[in-house]
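Database features (TrEMBL):
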type     : residues                    : note
DOMAIN   : A:2-119                     : domain 'Formamidopyrimidine-DNA glycosylase catalytic'
ACT_SITE : A:PRO2                      : active site, schiff-base intermediate with DNA
ACT_SITE : A:GLU3                      : active site, proton donor
ACT_SITE : A:LYS61                     : active site, proton donor
BINDING  : A:HIS95, A:ARG116, A:LYS162 : DNA binding site
DOMAIN   : A:248-282                   : domain 'FPG-type'
ACT_SITE : A:ARG272                    : active site, proton donor
Amino acid sequence: MPELPEVEVVRRGLAKWAAGRTVARATVLHPRAVRRHPAGPDDFTHRLTGATLAAPHRRGKYLWIPLAQDTAMVAHLGMSGQFLIRPEGAPAEKHLRVRFVFDDTEGTDLRFVDQRTFGGLSLHETVPGDPEQLPQPLAHIARDPIDPAFDDDAFHAALRRKKTTIKRALLDQSLISGVGNIYADEALWRTKLHYDRPTASLTRPRTAELLTHIREVMGDALAAGGTSFDSMYVNVNGESGYFDRSLDAYGREDEPCRRCGTPIRRRAWMNRSSYFCPRCQPAPRPSS
DNA sequence: CTTTTAACCTGCCTGC
DNA sequence: TGCAGGCAGGTTAAAA
């Protein structure tokens, strides 16, 4: 479950069901799942053995779990990654990639399941003195819009100086993290902005509106347990969120805009799709 | 230097 | 039924 609300649902599940537990044994069933771990699968499992999982943190779509004073396990769900808390005896999922067995008597294990293998786990040093024990590789990831330390003014200034379009900017994790294809389309629809609008043309009030809508749609989605179109995106207990029923733009091609009734359109865009209302979100005047 | 494209994977759905 | 092609919520190395 890839975007910020879905990852936050997972983080909360880990906080409840995995934090504080000590790993008795870690098993890597598919080496690609730990390809971002520099020292390889054997080092990964060896270093996790005996490690106690601290409370999980999140920035944007990235999760991390501090293990010791200066080490944390980073997790990214990619397009199809899941963390599942399962009964120890439950049969292996078809796409089970990494399994953690604990030294306690709770009777459950922790599994990283990932059909498309774009996600992965890895161990990294943390930024010295960082209160959240941020892993070094995440230092370049921007704070996300629901982080109290997110700087709205700096974000607007960055948009103004970029030579790009608004949806590309929203998906740039070094400018603002946690926004993906669904919530970008939803926030743009709520703000009545076209995805190809040049960022340099945005006024400060427009940027403020956009940020407000990003926060609102993510808050709404979180309250609904996230967005799930199928069993691919689930919480640690395997349950789907139901925000898909509340989407206004994403996935609604040819269905009437909930504001003006005009059919929502889908456009091929950067090897994926953009959904928008052609009336509420008119295309910007072509530049040059 | 910044911006854009193509590639990385598996599985499902549609149309021929 | 089979098969090709398109599509899917992610990042990122390489090219422009």
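Here the Cβ of each residue, glycine as well, is placed from N, Cα and C on the backbone.
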Taken over the domain 'FPG-type' (A:248-282), the model's mean pLDDT: 96
Spatial neighbours of A:GLU3 (active site, proton donor), counting only the recorded positions A:HIS95, A:ARG116, A:LYS162, A:ARG272 and Cα distances within 10 Å: none
Rounded Cα-Cα span from A:LYS61 (active site, proton donor) to A:HIS95 (DNA binding site), Å: 21
Residue distribution over DSSP helix, strand and coil in the domain 'Formamidopyrimidine-DNA glycosylase catalytic' (A:2-119): 26 helix, 45 strand, 47 coil
In the chain carrying A:ARG116 (DNA binding site), residues 6 or more apart in sequence that have Cβ under 8 angstroms from it: A:GLY78, A:MET79, A:SER80
Per-state residue totals over the domain 'FPG-type' (A:248-282) - DSSP helix, strand, coil: 0 helix, 12 strand, 23 coil
